Amino acid sequence: MTLIFSYENYLNLKQKINKLNHAYYTLDKPIATDNEWDALYTELLKMEELNPSWITADSPSQRVGGDILDGFIKAPHTILPLSLDKAQNHERLQKFFTDIFKELGRAFKVTLELKFDGLSIFIRYENGVYVQARTRGKDGVGEDVTEQVRTIKSIPMTISFTGVLETQAEIFMPKHRLNELNEELQVKFDKEIAAIKSTGREPSKEEIEKLQNVYKLFNERNVASGSVRQLDPKVTASRKLDAFFYNVVISEGKEFETQEEMRQFLIEQQFKVNEYFYVLDSYEEAIEKLEEIKELRPNLNFAIDGAVFKVNEVDIREDIGYTAKFPKYAIAYKFDALEATTTLEEIINEVGRTGKITPKGIVTETDFEGVMVKRVTLNNYGDILRKGLLLGGELFLRRSNDVIPEALGAVPGTIGEEIIQPTHCPSCNSILVEIGALLYCKNHSECPAQSVRKFSHFVSREAMNIEGLSEQTLIKLLDAELINKFSDLYFLKKEDIAQLEGFGDKSAQNLLDSIEESKKRPVKSFLTALGIKNVGKSKSEDLISNFKSIDALSEATFEEIQSIDGFGDKVSQNVVDFFHNEENQKELEIFRSLGIEFESKEEAPKEGLKYSGLTFVITGTLTKLNMSRNEVAAYIVENGGEVDKDITQRTDYLVIGEKAGSKKAKAEKKNIKILTEEELMNFGQ
């Protein structure tokens, strides 16, 4: 059957998909499912295949990247791009405010925007159509990257404004995508190394250096530039970049009175702007906002290296004037770098509960953002090789949300000793098995380190929450051969525990009481405790939410588990294998006989209590109530409320202690009510 499409249908479909793309990529508010979008996009491709003359530059199909270019063409700027003066301390920022006040002789407002750490791009529209993108470059000349930038889906191809418009945007890669990209490159690097080793020899220094260059590690600073400056636009498209617009350079027939008005114009033209934008009256307000942004910084999904202040009123900017290099009406406040350098002194190999060997780096003690750093994350030996790390050599550190910083890579030209991959388990001396870039001790039943880690996980707060079973106590129980498998904990006798060093009758009884209390833990916590590979707290909750009981889960097929969002082949197979293992089945029957919870119990909503139906978030250091944050959270739940980690649309109240930081700012922005510790306790009175 021949399908007949009208041109009007095509235009409507194109408009609909572009609207969906705007909601998804610009507003971050999807209004259609992936399947719905796929169906519409497939229909569009069919129309264009049958009617190629209909295709225009604003079609969603033109975002995938075109032909490989021969090189980059020089592109002169219409107006010379301005650089901003920099402030790296409060004194310089205060001088900025003071100088402007002296110049104007009156009060004024400034805007504060985030200073993005990406690639600055100038984008031109004519007659409402995207026509060019160029880099900043130097001496008034950039490079034409029109085809590469066309692939970035948050950048509109058409706008309603029909005059000549030049905008300025910052292109960046979201942090989660950067992590994915580096993981993808690491996998490719590991495969190349494994292929060389499969021939019976170790890779040469030259081969390693070549692969390090091909699969080099990207960071937040170089990934945007490296992705846009690709001669093949399809490579740029594959990087899934994003952009924030923040400035209008040329707007034919359109003038703006304030920076606020300019920003609103960008929003009306469906450009993506960043939500963190403030209009301030004073230096004191500026300092307060800077501190809030510093706290926000590690939790943002994009890199920033400071904040930009501009006088809000456009018409007085010329009165304020320029220096030989910079405008006086704006300044960039630079934050301290989230990177530092130190020396790698030693590597300690830790054994996890699954037998995985994880190298930890011991470095020369370094003051990093006010924290003395002694250890760094090294991930695995493939990662060490790819980053070119050397013992005794200097390396770059990066701090993110993790307590322990990550080694980013070797400082170029550093000297040190080659790091040798271990061959035997540091705990039981078994020969290690290499699986890809990872090393494993397969002596699961007799490796002391694995046993301790497994039991530590089982008794942890997120699992069975057995108080009093520290790692040292578990080692004593294992050494005394009082426990071998998890269920043995529930058969311990008071006299057995009391004979251990550091225990008496009272402490032994307290431990037994804690073990007995753990039988009441919900089934999702029990499933977490079992330690199925790659199944932590979140995935355990997902499994119980879908299957409701251990029995139903144990009978689930691979396909049924795989159908759950976030469950890939490996995790699904791990779950199936665990429940089909005969020893695990015997252990589960023992747990059943002990009265451990095997089914999900729907809790009846607590009504009539003072926090009933309300959701709270807690932030800051709590000092007024003589209660820890966990105890306050438990108190809220006991009185009918719910406690979330982060502020969302369902948050009713934010409870603040000292140094509340970014969550307080976010709550104020969203008009969420804020409670002090005392107000929480006096709630409803």
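Cβ atoms are placed via backbone N, Cα and C, with glycine included.
What TrEMBL annotates here:
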BINDING   S83, L84, E113, R136, E170, K310, K334  NAD(+) binding site
ACT_SITE  K115  active site, N6-AMP-lysine intermediate
BINDING   C425, C428, C441, C447  Zn(2+) binding site
DOMAIN    611-685  domain 'BRCT'
Legend entry - Which of K115, R136, K310, the listed recorded positions, has fewest other Cβ atoms within 10 Å: R136
Inset, instruction - Round to the nearest Å and give the CA-to-CA distance linking E113 (NAD(+) binding site) with C428 (Zn(2+) binding site). - result: 55
Legend entry - Listed binding-site residues among E170, K310, C428 whose Cα sits within 10 Å of the residue listed as 'active site, N6-AMP-lysine intermediate': E170
Inset, instruction - Across all the protein chains here, work out how many other Cβ atoms are within 10 Å of the Cβ of C447 (Zn(2+) binding site). - result: 22
Inset, instruction - Identify all same-chain residues not among C425, C428, C441, C447 whose C-beta atom falls within 8 angstroms of the centroid of the Zn(2+) site's C-beta atoms; report them in sequence order. - result: V351, G355, P426, S427, N429, S430, K442, N443, E446, P448, A449, Q450
Legend entry - Within the domain 'BRCT' (611-685), residues counted as helix, strand or coil by DSSP: 23 helix, 17 strand, 35 coil
Inset, instruction - Compute the average pLDDT of the predicted model within the domain 'BRCT' (611-685). - result: 82
Inset, instruction - Using the structure shown, find which entry in C425, C428, C441 (the binding-site residues) has the sparsest Cβ neighbourhood within 10 Å. - result: C428
Legend entry - Separation of alpha carbons, C428 (Zn(2+) binding site) and R136 (NAD(+) binding site) (Å): 58
